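If you look up TrEMBL, you'll see 123-187 marked as domain 'Mechanosensitive ion channel MscS'. Residues annotated as domain 'Mechanosensitive ion channel MscS C-terminal' in TrEMBL: 193-275. Feature annotation from TrEMBL assigns transmembrane segment to 29-50, 88-119.
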């Protein structure tokens, strides 16, 4: 009895206490909720289907007569997915806003456009710079680059952000509008440089001959592009001298090549009993000092 006296229903209104709401408004409210749910579902489906379509297109383009290389294709796929998401989200949110506040007048739309324009300056700057990065081919996915004092492998290039994973595993998200200077370490061959320290008493010509034979054999390494070759003696130190070996390797393989070449040099020098420099200490006992 108490509940029935608090809530009253007739053909056109529902009364809750002293407040009355028309059935038409309640129906309209539920229709708006259903429409919003439907719009969100459509947005989700469009993004999912669009992403799958882009992935298939990127895979199929490699079999076409005119195709992109793997890195550029991956970069293009990432950018297309970003464009898809932003487009779907923009029109979806506009549709949801229309459901909530009703049809937007030209005056309101103009005022909203001005406000959004001021707020979206950085966003537009990021997008424009993102297009320049792609079309100028400044870098692509999987390139090793330096940006804004951050170094790492490019994991993704979007309309607004570039994702870089450094060697510690940290992911850096850099707005494209903040990218001014880029150093790309993945374009062209990379230098392989090794300085070999030799004891002073060793014969220089003999050491150079040994290193030359090592370099000649190491040219068969699949990652070596040029060299390696012995440059010569680059320094004379207190306990010995330094011989430099230089070569060129494929991008991102220079560290692997340096490690392998150092190991080969160490083993070969040990085999030929070539000594490396180390501090020497002469100990004079008391009796020997008296004899002096």
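The backbone N, Cα and C atoms fix where each Cβ goes, and this holds for glycine too.
Mapped onto DSSP helix, strand and coil, the domain 'Mechanosensitive ion channel MscS C-terminal' (193-275) counts 33 helix, 30 strand, 20 coil.
Within the domain 'Mechanosensitive ion channel MscS' (123-187), the DSSP-based counts of helix, strand and coil residues read 16 helix, 25 strand, 24 coil. Looking only at the domain 'Mechanosensitive ion channel MscS C-terminal' (193-275), the predicted model's pLDDT averages out at 91.
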